[in-house]
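Just below is one structure, and these are the notes that go with it.
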Ligand SMILES: C[S@@+](CC[C@H](N)C(=O)[O-])C[C@H]1O[C@@H](n2cnc3c(N)ncnc32)[C@H](O)[C@@H]1O
């Protein structure tokens, strides 16, 4: 049973403890001692079920006499796992998907429901080429079921992107993104790293448009490879790498990264600064600073110091002290659904609380920027509530700051001080970056 039993435990942990799937998966794989192909199958099952949850429930409800959400736990999770294997995993025979699901019901103490599991999954298998159509009358509802995203989010996206691009965004969120790394230019260069990775059986190609980044295939657990351990690369989405590029940090500068953990933007800034100058990496949570320190040690960066503190609370010793201040704000994360599939199920209510925190961070950060210095606000979300609306309000209140244009390689080109990146347009995570200058 291995992979399936572990996958079920992970899904139950997400349901009962509101755990994030990626963290619960990592912990459970370790506890159950799953490695290699079994671990890969388990990850595929967990991500696949989370990515397709609403669609799977739609099909399950067509063949189950009880409403899926009325089923006793963990029957719904068992049925979702079985249906996912039947509908998406060609290499798993339908009979194996059905039988292992019946077995899971028995070992989970739901043996009395094994007949139901058997019957529902057999019907799905028999009808898999002629499944019931999703009603298309209500556009948002159709897209919500088809791509398993909450309806409120689909409606919001439709109003921003229109039908065609909304569908492309939702589909991209259910795709597996490429693994992207930034080259540590202090230790190697792209050409040498590509060759070195090849020696480890990893295919690396330069990112189509973001300088200094490589896309990897066949990496497996990258952290076990020498180039990773020797600090020659940083795992980072190309969108995140763009923050230091857009900030335009230079060797010798003083930089404050106000919301820094686990350190990605600080590391990328240190690369751009040739590790010369001063980077203060601050985070609210002291326990997260260790991740920054460990990362800096692995990458051999000495320009970074860490500091715990609430970025909303003024520290007089930092007043007008920094050439560049980065505010990589806590956000809803709706731009990284392709990496954290369960982010989509966040409550819409968060969208009312987060901008208050983001605004307070930005207001305070502004006080640390030296005259003529740069303030960069970024998030890994795509909704204007946490992006343009926050920076617009900030600029209205702070007449000493203005948006400052920048140029990136195609497909972005010239931007008037702010940029929203989208997976379906740019092949990156969904991300927002705004560069502002203090007069
Ligand atoms: C988007 S993450 C930052 C990611 C980081 N910049 C990187 O590139 O690895 C947001 C961070 O803000 C921190 N945070 C949340 N509220 C904060 C506050 N009031 N002051 C400072 N940091 C805060 C969180 O702990 C979290 O680590």
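Each residue, glycine too, has its Cβ placed from N, Cα and C.
Pulled from TrEMBL, these are the features on record:
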type     : residues                                         : note
DOMAIN   : 169-439                                          : domain 'SAM-dependent MTase RsmB/NOP-type'
BINDING  : 259, 260, 261, 262, 263, 264, 265, 283, 310, 328 : S-adenosyl-L-methionine binding site
ACT_SITE : 380                                              : active site, nucleophile
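Calculated from their C-alpha atoms, the gap between residue 380 (active site, nucleophile) and residue 265 (S-adenosyl-L-methionine binding site) amounts to 12 Å. When other Cβ atoms within 10 Å of the Cβ of residue 261 (S-adenosyl-L-methionine binding site) are tallied across all protein chains shown, the result is 23. The local packing around residue 263 (S-adenosyl-L-methionine binding site), expressed as other Cβ atoms within 10 Å of its Cβ over all shown chains, amounts to 26. The recorded positions examined here are 259, 380; by Cβ neighbour count within 10 Å, the least packed of them is 259. It is 310, among the binding-site residues 265, 310, whose Cβ has the fewest other Cβ atoms within 10 Å in the structure shown. Confidence over the domain 'SAM-dependent MTase RsmB/NOP-type' (169-439), given as mean pLDDT on the 0 to 100 scale, stands at 96.
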